[in-house]
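Sequence annotations record features per position, and here Swiss-Prot assigns signal peptide to 1-7. As annotated by Swiss-Prot, domain 'LCN-type CS-alpha/beta' applies to 8-70, with the evidence given as sequence analysis. According to Swiss-Prot, the disulfide bond annotation covers C18-C69, C22-C44, C30-C50, C34-C52. The lysine amide feature in Swiss-Prot is assigned to K71; the stated evidence is similarity to another entry.
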Amino acid sequence: IGMVAECKDGYLVGDDGCKMHCFTRPGHYCASECSRVKGKDGYCYAWLACYCYNMPNWAPIWNSATNSCGKGK
């Protein structure tokens with residue numbers, strides 16, 4: 001019997017609701033941050049933010065519909 005695991009890809013978000021920036025970070029930064037949320041891999045994308053692959057569904061990712069970046073808490 002096989003087990004199906006749901007995974008998603010997307011931009012990591014910080015506590016402030018903004019995409020996790022990587023412009024001034026070392027090359028391995030995004031891959032390390034993605035693995036912290038059990039993602040399989042990640043890189044610094046053209047928007048200069050960390051993009052992760054194969055993260056579990058519970059991991060928070062940036063979504064334009066629910067964007068809270070810069071809106072305060």
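Just so you know, glycine gets a Cβ as well, placed from its N, Cα and C.
DSSP labels the residues of the domain 'LCN-type CS-alpha/beta' (8-70) in these numbers: 11 helix, 21 strand, 31 coil. Counting other Cβ atoms within 10 Å of each Cβ, the lowest count among the disulfide-bonded residues C22, C52 belongs to C22.
Reported as a whole number, the C-alpha separation between C69 (disulfide bond) and C50 (disulfide bond) equals 15 Å. Sequence-distant contacts (6 or more apart, same chain, Cβ under 8 Å) of C30 (disulfide bond) comprise L12, M20, C22, G42, Y43, C44, C50, Y51, C52. The disulfide-bonded residues in question are C18, C34, C50, and the one with the fewest Cβ neighbours inside 10 Å is C18. Each of the disulfide-bonded residues C44, C69 was assessed for Cβ neighbours inside 10 Å, and the highest tally belongs to C44. According to its DSSP assignment, the residue listed as 'lysine amide' is coil.
Geometry remark: K71 (lysine amide) versus C34 (disulfide bond), CA distance 25 Å.
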